[in-house]
Amino acid sequence: MSARMLMNGVWAALILLVLCECMMLEAQLQVGFYSSSCSMAEFIVKQEVAKAFIKDIGVAAGLVRMHFHDCFVRGCDGSVLIDSTLSNTAEKDSPANNPSLRGFEVIDSAKARLESVCQGVVSCADIVAFAARDSVEITRGFGYAVPAGRRDGRISLASETRNLPSPAFNVDQLTQNFKNMGLTQEEMVTLSGAHTIGRSHCGSFSSRLYSFNSTTSQDPSLDPGYAAQLKQQCPQGSTDTSLGVPMNPASPAITDVGYYTDILANRGLFTSDQTLLTNPATVIQVIQNARSSLLWKSKFAFAMVKMGQIGILTSTAGEIRANCRVINS
């Protein structure tokens, strides 16, 4: 047996293991949950994601990030979709989400279509989970089966977005943050690879360019050539909050391992990206992921399924919102 055949066999076994583990996770949710109650549910969401992606390829990264930001605050309950009111500032309007979080109109469109064919059946939380999977797939990542059956939460508080990891976190802070959500350090490194698609506003990393610490203005861990490029795109003192750059300049709309090769070249955009080279265990994982797209994509699919089961509401808990932006009266 050739070495190539042996390696292909190893990767195939890993993928099979991932798929089996995905199916075993959290029996409260089920793959094909809407097969009898709303058989077109996942297809309709996929259609809406595809339509939005054709108009704006950046929406895919937004929808993946939306799922992440939903799950890390009160669990995967669709609370990130709720609009603020006069008496409450909701998650979506916290500095962690506004103006950077996007894709809400895709969820709205999918929900409107689903309500027209299966009224009161498909939760907003599940739509977000489906849309994230479809976004990974449309950007050339691995598709994966999404266990569904989540119900929607009725509370959304901007103050609770403090549970979200900061782009300024170091590796220990990231590890603890993900551990608090039931995710391992390796899953943290794997899920961080979502930064391979999309853009970031300059304000999320400008301190690395102009005010790193009291002794140096520029982060010494940042490749000087890349830093110079970033300074051109994000001028010091600019008040234009819309300015941003691709997270992975070489392939910003492809779910690939470019994120990890960038880190190895000291071109990680956030402190929370480059910090993965400061810990022996995470360094090994970064190198492994950079070397094998197949391995990382398989691990990423599994980690997304696991993340999608954080703090879920099922059975009679929560509700099925008629409008994803507003709790039922």
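Just so it is clear, glycine is given a Cβ too, placed from its N, Cα and C backbone atoms.
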- [ ] Pick out which of Cys124, Cys234 TrEMBL lists as the disulfide partner of Cys202.
- [x] Cys234
Task: Cysteine from Cys76, Cys118, Cys124 that TrEMBL links to Cys38 by a disulfide bond - done: Cys118
Task: Partner cysteine of Cys76 (disulphide bond, per TrEMBL) from Cys71, Cys124 - done: Cys71
TODO: With Cys324 as one half of a disulfide in TrEMBL, pick the other half from Cys22, Cys124.
DONE: Cys124
- [ ] Select one residue from Cys71, Cys118, Pro165, His195, Asp256: among these recorded positions, choose the one with the most other Cβ atoms within 10 Å of its Cβ.
- [x] Cys71
Task: Under 8 Å by Cβ from Thr196 (Ca(2+) 2 binding site), same chain, sequence gap 6 or more - done: Met247, Asn248, Ser251, Ile254, Thr255, Asp256, Val257, Gly258, Tyr259
Open item on the list: My understanding is the cutoff is Cβ-Cβ under 8 Å with a sequence separation of 6 or more in the same chain; which residues meet that for Cys324 (disulfide bond)?
Closed with: Gly78, Leu81, Ile82, Ile107, Asp108, Lys111, Cys124, Ile127, Asp152
- [ ] Measuring Cα to Cα, tell me the gap between Cys76 (disulfide bond) and Arg65 (site 'Transition state stabilizer') in whole angstrom.
- [x] 12
